[in-house]
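Asks: Take this structure first; my questions come after.
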């Protein structure tokens with residue numbers, strides 16, 4: 001890991017040492033900025049996103065972390081004594097830092113698996129619907145007649161695009177939370 005304070009970041013950004021910082025950051029799994037201004041935090045996140053083309057995650061608990069959270073790909077706000085500004089600006093909110101492991105390993109895995117299944121489902125639904133209309137055009141001699149009334153098309157899309165996501169979201173858990181916490185490498189396998 002790499003820990004940077006505000007004075008060091010000021011020297012790096014004023015002295016044009018961003019490339020050296022990135023070269024050092026490439027060898028680190030995480031970069032921690034402490035005692036720095038909100039602008040410096042967001043500049044570090046933007047620099048890493050732009051130059052290294054890496055996915056960034058920012059965690060903050062106060063108003064001074066809002067710009068950093070918004071600059072990252074994924075922002076996590078911790079609700080606490082410093083107010084709710086970070087939570088309001090974040091993608092995900094947790095009450096304590098210790099819940100981060102469960103958020104990433106359990107809920108991240110479940111979300112990834114659900115989204116992958118839903119993408120496949122939507123392709124399947126649309127292929128079925130288009131095939132039905134395609135073969136009907138052979139039957140009606142390519143006259144442009146519609147096979148279904150508009151209310152039937154609306155009902156079809158309403159039923160097949162609203163009910164399955166709700167069911168997947170509530171019921172689909174391919175692996176238990178305990179197993180995911182015990183075996184963190186399962187998250188990588190999902191990708």
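Just so you know, glycine gets a Cβ as well, placed from its N, Cα and C.
I grabbed these lines from TrEMBL:
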DOMAIN    87-191  domain 'P-type ATPase C-terminal'
TRANSMEM  119-138  transmembrane segment
TRANSMEM  150-171  transmembrane segment
Asks: What residues in the same chain, six or more past the boundaries of the transmembrane segment (150-171), come closer than 8 Å to it by Cβ-Cβ distance?
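Replies: Distal contacts: 114, 117-118, 121-122, 125, 129.
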Asks: What residues in the same chain, six or more past the boundaries of the transmembrane segment (119-138), come closer than 8 Å to it by Cβ-Cβ distance?
Replies: 147, 156, 160-161, 164, 168
